[in-house]
Amino acid sequence: MSKLARTVSDFLASRPQYTRDIGKLQAYIDTVIDWEAAHGLVLRAPKLDDSTSTAEWLKAALVPAPVALAPSPIPRSEFEKVVALQPALNTLFDRISQDHEFLSATLESLGTSDEFTARVYDMYLKQRALGIRKPGVIGIHRSDYLIDAPESGSHGPRAKQVEFNTIAASFASLSSIVGDLHRYLLDRTGFAGILDAGTISKDQLPENESLTSIGDGIAAGFGLYGRNDAIVVMVVQPGERNVYDQRWVESRLWEKHGIRVVRLTFADILEQCVVGPDNRLFLGEEEVAVAYYRSGYAPTDFPSEREWEGRWLVEKSRAISVPNLAYHLSGCKKIQQVLAQPGVVERFVSDRGTAELVRECFVGLYPLDDSQEGKQAYEDALADPTKFVVKPQREGGGYNSYGEDIPRLLGRISEEERRGYILMDLIRAPGFRNVLLRNGQLVASEVVSELGIYGIWVSDADGNVVVNRHGGHLLRTKASDVYEGGVAAGFAVIDSPLLV
């Protein structure tokens, strides 16, 4: 059993020592890659600029997912805290989604600065005006954290929220399998040569149910629709590489619940689906009960009006969309920033203790609009950009600005455009060494890890809660000199936590 990391110095001292020499670790490459292939820890191969990248080849070619060779240290107390907090966050965002006055006031403050968010908001208003009523609500969320561990200060390491994802939260399936990989390597090798594993025990590698929780949550919502012979449509991106993370969800729905899944893009939906009597959505002769979005979170998912029309076909129907439009909007960065203002969390969370726990996870968040606070934040960001990150209303990784990129961004955009961004205090997570395996090559690097906790919410048409629970976890690890943390965007590897 590891010593509980109560202070920052405890946390830093309790972390194992990872190797700086990868010369003796080459045997791990074949072992790990073969294990990944045998257990479905894979991605579709990227398109290459040569004649081999035919459409047929791309469908058949797989590559092992990028992974950390050993688990990375996370304070046990903070891990357990954010896992326990997830149901409260699920409840918070469900209440936000139902508060039309709050959503409207917050999102309309963006003005015309963000065309994509404005388009989703307009669709939400259109749906609301039509009085469309769905059989239930399904939320598949992920709350992401970095461990804040300043060298000075009396408090211990603390998990601070990076963002709350309400749409297309990915890597739940592959994350669970990476945990299995690390338990296998601990049993088989003891991580020999990678780290000093003499004090590591299996209870430091937490079980992870994220491979099954997403499918089980969708199945619970599917039951509210009331048609056992209906199907789930998984809405995907054309050319998706992270197919197998999604296929595990599909397999769970079929093998555990007998629910069939069909994969379609938004353009496919427009071409192949129709809304029939009683606003029921049909794919041919089959009725669609749930549309689970693994797409739709970025402007690039809507290259033409056809994709917007495909989404509207779902939203105006009786099919339960995951997420619904209000949930999608609730995950915007502007909502996150406004939540950090005094009294806003308390608008939705009546229990004082719970509200304080939620607030403890926040860092400083500021508008960049023409308010007095926004003007001050603008000046602060220019004065010392190394303290901050500037975020647009975007998901998917690669959109944020850091350090000296901040003055360049703020100097390039207009005052109106600035309203579409928020300013956030930069969380300074302590670095450590680990060995990463990507594209068949090992790299020993100074890294940091970002912890995500999945949340599952299901409620019926009257708001009665059916499911409210955490759904496992994701750990992404990246080089400490890289700001962004997305695996799909190419910045990070999939990892699992070592609780210390």
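Backbone N, Cα and C atoms are what each Cβ position is placed from, and that goes for glycine too.
Mg(2+) binding, as stated in TrEMBL, involves Glu163, Asn165; the candidate among Glu379, Glu395, Glu404 given for that site is Glu395. Note: the Mg(2+) site is recorded as Glu163, Asn165, Glu395; in the same chain, Arg142, Asp144, Phe164, Thr166, Ile167, Ala169, Tyr297, Gly331 also have Cβ atoms within 8 Å of that site's Cβ centroid. Between the binding-site residues Arg142, Arg241, Arg294, the minimum number of other C-beta atoms within 10 Å of a residue's C-beta occurs at Arg241. In the domain 'Glutathione synthase substrate-binding' (230-330), the DSSP tally of helix, strand and coil residues is 45 helix, 26 strand, 30 coil. Within 10 Å of Asn165 (Mg(2+) binding site), counting CA to CA, the binding-site residues Arg142, Arg241, Arg294, Pro392, Tyr402, Leu426 contribute Arg142. Predicted-model confidence for the domain 'Glutathione synthase substrate-binding' (230-330) is 98, expressed as mean pLDDT. Cα of Arg294 (substrate binding site) to Cα of Pro392 (ATP binding site): a distance of 20 Å.
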